[in-house]
Amino acid sequence: MKFLAFGLIYFHFCILNRCEYITSSTIQKCYNSSNEPNNCSQKAVIVLSLENGQIANTEQVVATLNQLSDSGVNKQLQNSFIFEVTKSPVTALFPLIYLQDFNSQPLEQVIATTLFSCKDGFYDSSPTCKFQYDSKGQKILDSQGYCCYCSLSDILGMGNDLSRGKVCYALNLGAGSATAHCLKFSPLWYSAFKIQQYQLYFEVNINIYTVDSQNQKNLKQTLKLSTSNPTMKSSDNSTISKIIGTFTPTQPPADLSSYYLVKPSFPATDPRVLQGISSWMFVDKTMFTLDGTQCNKIGVSYSGFRQQSSSCSQPVGSCLQNQLENLYQSDLILLSQNKQPKYLLESQGNFNQVQFQGQTILQQGLSGSASTLITIEIDAAQIKFVTNLGIGCISQCSINNFESHSGNGKLVALVQNQGNYSAEFVLGFNCSSNVQPIQGQKLFLTANQLYNFNCSVSVNSDISAINNNCTINLYDAIGNQLDSKNILFNTTSTNHTSNQGNNTGQQQSSQEYKSSQSCSDKCSSFWSFWCYFSAGCIKEAFKSIASIAGVASALALVIFLAKNGYLVPIIRFLCCCCCKSKKKENEKNKDKTDKKSIQESCSYDRSCCSHSISQSYQVENKNKYKRSKIQRSFSSESCQDKSKKIINELSNLEETFEANKLYANIDKNSSIFEYFGFKKSFTFILYERNDILFLPQNSTILDMIGALQPQKGSYLAQKFLEIVNKNALKVVSTSPLYLLIE
């Protein structure tokens, strides 16, 4: 067996005309098969790490076989081989499975009608909203919508509840007393797709050249590797190439397992359909109703719209929120404010649609490092590895001012390859401590290419900060720094919000979703007995009819009593009974309070009532004849006579004004005489303790009497003051009023 000796293997790192050589080793490998037993040959195995996004001539492998040893004699080969290896950008492929179509914006149509003409039954020949039919010509269940009627309380002018889409007027049974609510669909429809688990995909192209004695390079053949075909062999069996594996990307693909992909699909002439992928969206699966039975979700159907809970007491459109059109328009607003959208594809990364092996695929480009190991086994004696070192600069760079934790920070940098060769560059970032680290990026630029690089920027602090800084460094493939720029930017404090009230938001009421509807849910008004009948709620229907009959009977009775003159006397009788009962209770409470006040406030010495004697007399009421014993205690006959005279005059004064209540009693323990008189607002209490007559402060005529201004008072006050003056009563105090008998 011949022994083939290798020469040295060189790796060339070239910058224009300057080259650096690094030695490498070789390995020996034998292949043994049943067809060619013991067929051993010496191979050179080249292991390469290819980065993501490398382009033609960025990384080139040149292998030259120049000599071998035969029986100890070295022989120079006339021809050599050259291998050029390139790798396409790494992408993530997401297979799509069609789910179903969804309307962009379901709409509610409101038709004004009357109580007797609105029809929404499934067996009605011509319901107000009309029926919709499927492709087989069959009526679609619940496509007839539903009717809402003004309730009895609305017709009587007493209703104050929200009525869906209608304005109910008192005594109106004509147009506007009922409305029909119909579900209509907008012209634009979206197609939804399930998103499958991603697969990484890239291609590696290996060009094999031969170089003759005239140093002419001739293409011999091309090997094309991919994730679908990881191993290839040249036609002359001189070269074998394999993909060993790919490292996990430093920026992995987006996790789309919880989303549906939706894209405008028809009509084909719709402007949004013609926009292509820029109008596609990722929407969370929880925002959809696949059976159409849930309100305020994408895909709500006729049944979901018609069977919504308490439909007639909800605002118009209450079941048709959070639709695809709403999501799209909200993202347009965010984009107009230079903010990140929530649903459009760019919210998750850089995506495209491709056809792969006859299947519709969603493709995401990966911007981070995703190194791939490949091997090339060749019959060679010397290998040169060439890497172009570029010359580049950062022409522009900036970071916008943004709110902390808002996700709206963005770094933009323009990087240019100023060399004449395609080359690899590395961007490194060094930022202040409160800025979250930014991942370094590898760039592969063609000659004189200007590349616009951007990435998001975040800070770790909630508070505002001035002059945050980030330094951007540009390196070549072996770490030589080519350029450096420093960026200053400001951040504002985080704007905290809440949906639970106080200073940060408005409290929102919770919503309960019920799996089944009760009779009260199906019919918004208790008085709508026809609604209960149509819903099969017979018991509730009879309750409603009985209540209506009761109200009608009560109204008829009131009208009858009023017409025959009985209503006013009955009302007066009831009011009188109520007022008397309440007045009696108030006077009892007032007696107790005033007694206690007098006992605590009066401290005058007894002047004429030192000896106790008993006397009783009768007080007669004009309307009701009652007799009460009045026990008085006086120390002298003159004091007794004078006090009795004053009491009699006051009694006569009350009789003059037709008081409807008069009584007197005596508290034996405190010797307080209580006199009650004057009906309604003129009621007052007159006390006598020893030689002092007291009028409580809460008397309605106290201000007039206490100020002793009869010219401003009523006739009653003037008469009272005449009694005071005639009997030479001395005013001791006006608030409260104390009258001293002299």
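Glycine is no exception: its Cβ is also placed from the backbone N, Cα and C atoms.
Taken from Swiss-Prot as is:
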- 1-19: signal peptide (SIGNAL)
- 20-540: topological domain 'Extracellular' (TOPO_DOM)
- Cys30-Cys40: disulfide bond (DISULFID)
- Cys118-Cys147: disulfide bond (DISULFID)
- Cys129-Cys182: disulfide bond (DISULFID)
- Cys148-Cys312: disulfide bond (DISULFID)
- Cys150-Cys168: disulfide bond (DISULFID)
- 152-179: region 'Important for membrane fusion' (REGION)
- Cys295-Cys319: disulfide bond (DISULFID)
- Cys431-Cys470: disulfide bond (DISULFID)
- 541-561: transmembrane segment (TRANSMEM)
- 562-742: topological domain 'Cytoplasmic' (TOPO_DOM)
Cα-Cα separation of Cys147 (disulfide bond) and Cys470 (disulfide bond), in Å?
64
Fewest other C-beta atoms within 10 angstroms of its own C-beta: which of the disulfide-bonded residues Cys129, Cys147, Cys312, Cys470 fits that?
Cys470
If you draw a 10 Å sphere on the Cβ of Cys168 (disulfide bond), how many other Cβ atoms land inside?
20
Using DSSP with the three-state reduction, classify Cys295 (disulfide bond) as helix, strand or coil.
coil
10 Å Cα neighbourhood of Cys148 (disulfide bond): matching disulfide-bonded residues from Cys118, Cys182, Cys295, Cys319, Cys431, Cys470:
Cys118
Pull out the disulfide-bonded residues from the set Cys129, Cys168, Cys182, Cys295, Cys312, Cys470 whose C-alpha sits within 10 Å of the C-alpha of Cys118 (disulfide bond).
Cys129
Express the predicted model's confidence over the topological domain 'Cytoplasmic' (562-742) as a mean pLDDT, rounded to an integer.
49
Give the distance between the Cα atoms of Cys168 (disulfide bond) and Cys295 (disulfide bond), rounded to the nearest whole Å.
26
Nearest of the disulfide-bonded residues (Cys129, Cys150, Cys182, Cys431, Cys470) to Cys319 (disulfide bond), judged by Cα-Cα distance:
Cys182
If we check Cα distances from Cys431 (disulfide bond), which of the disulfide-bonded residues Cys129, Cys182, Cys295, Cys312 wins as closest?
Cys295
Roughly how many Å lie between the Cα atoms of Cys150 (disulfide bond) and Cys312 (disulfide bond), rounded to a whole value?
10
To the nearest Å, how far is the Cα of Cys312 (disulfide bond) from the Cα of Cys182 (disulfide bond)?
13
Around the Cβ of Cys150 (disulfide bond), the count of other Cβ atoms that are within 10 Å:
26
